[in-house]
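The transmembrane segment feature in TrEMBL is assigned to 34-58, 70-89, 109-132, 138-159, 166-184.
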Amino acid sequence: MIHENASQATDLSSVKVVSRQASIRSIKPSKMSILDNVFFCAFLCAVGGCAAAAQGSINARMGAFSGKGLSSTLVFCIGAVTSFIYFLIEVRGRPPANLAIMLAKAPLWAWTGGVLGAVYVTITILSIPTLGAGTTTAILISAKLIFSCIIDHFGLFGINKRRFTLFRFLAALGLVGCVAVIAAF
């Protein structure tokens, strides 16, 4: 290629030839999701924590009217409808064509989340009338935090490993101490 102005000439010997599609992809600015924002995610966690605390008491109260087993069933039916609505919003009403193939690739243990959720909800329904919302929630959070640290340490369930340090141990121990205070007073 001949340029009219010598200053516009460029040495192209070091340029790597790539496909048009790859070069277009590299030009597009990457979209940042609001979920990439640490503060927003922390806010969501706080809202989720408040919702979980309220959920246990609400479910236990429903259990007083419907029976504990039916209360758990109702919670999951309503939760399933709510989750399905979120799914439709997420995929904009068009589930991926290869959804069945994607689900078939999931490990068997990945299907146990619903069972574990049902166990969690049933335990809160059974425990809150006896222990109270504060003590039940404190025990659940403490157990959840300690087991989450174990999951991190060993990289269970495909999670990136994160060491269980002395500071994490001391924090977990402090949380157990908080549970004892909440339960005793």
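Every residue, even glycine, has its Cβ placed from backbone N, Cα and C.
Under 8 Å from some Cβ of the transmembrane segment (138-159) lie the Cβ atoms of residues 56, 109, 120, 123-124, 127, 131, 168, 172, 175-176, 178-179, 182-183, all in the same chain and six or more residues away from its ends. Most Cβ pairs under 8 A with the transmembrane segment (70-89) among the ranges 34-58, 109-132, 166-184 are made by 109-132. Outside the transmembrane segment (109-132) by six or more residues, the chain places 55-57, 59-60, 62-64, 68, 71-72, 75-76, 79, 139-140, 157, 183 with a CB less than 8 A from a CB of the stretch.
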